[in-house]
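Below you'll find the structure, written out as structure tokens, and then a few comments.
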């Protein structure tokens, strides 16, 4: 009986130590998914055109002849992962742009990571344009035609960012990788925290076929839907040691490069669905940009 009680006591102590260590290991300073839209975001533009759905767990963005709209995260973040489920404008969406991006708000030296969904004429594939600004230098556009109808259902769009690389994902498919090549003198966003933004707006001077396809206002209003706002990163202001903490999950060995399965998916997307790459645009860049030579 005494031996049984001793073993039970020992087992309880071991469990307590395990729970305590697990508690210490959990990154308390890391932001996680908000319960509702307004917990971590605020409307930045035309609040009459952003409508909360399902108790704030989803939102509807509206574009009409009078206004587009936008929202932003209340905090800025330095490294981590940001994702949202988005259902894009159905039917004839030519001339519209639905954007999901991160921006440092620092003007001439800004860092920015962009998803821009370029509207289309009915029956044409949706194009997603990505762009990266590092220390004020942008013009790094790539465009991919999506291989599904993004207006038929929600899909997950993710920006992943650590010290080694930036990866843009569509669902579980990496569509763009931008590596840290600072050792070769190429700027990489790593010092400026960025806010999360999204906007729905008219851009028919360039969005669809370079501006040849104009917005059809008889189809307005245009709607895009968002849900499952997921931010896991180091909030700023916040603990100064968070961004440099290599114990954060996104800095782990698993996330230093694409794994073999992701690399195959990445090659498939680029071979079958990429329609524009600034690295190959000799009319804009007679000399190949250095990050393209270094490997993006």
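Cβ coordinates are placed from backbone N, Cα and C, and glycine is handled just like the others.
Any TrEMBL annotation is an automated prediction that lacks curation.
Residues annotated as signal peptide in TrEMBL: 1-32.
Per TrEMBL, the feature domain 'GH16' maps to 21-226.
Around the Cβ of residue 112 (active site, nucleophile), the number of neighbouring Cβ atoms within 10 Å comes to 20. TrEMBL lists 112 with the feature active site, nucleophile.
Here TrEMBL flags 116 as active site, proton donor. Non-local contacts of residue 116 (active site, proton donor) by the CB criterion (under 8 A, 6+ apart in sequence, same chain) comprise 97, 98, 99, 101, 128, 129, 130, 131.
Taking the Cβ of residue 120 (N-linked glycosylation site) as centre and 10 Å as the limit, one finds 25 other Cβ atoms among all the protein chains shown. Residues or ranges marked as N-linked glycosylation site in TrEMBL: 120.
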Completion exercise
Across the domain 'GH16' (21-226) the predicted model averages a pLDDT of 90
Problem - Integer Å distance between the CA atoms belonging to residue 120 (N-linked glycosylation site) and residue 112 (active site, nucleophile) - result: 25
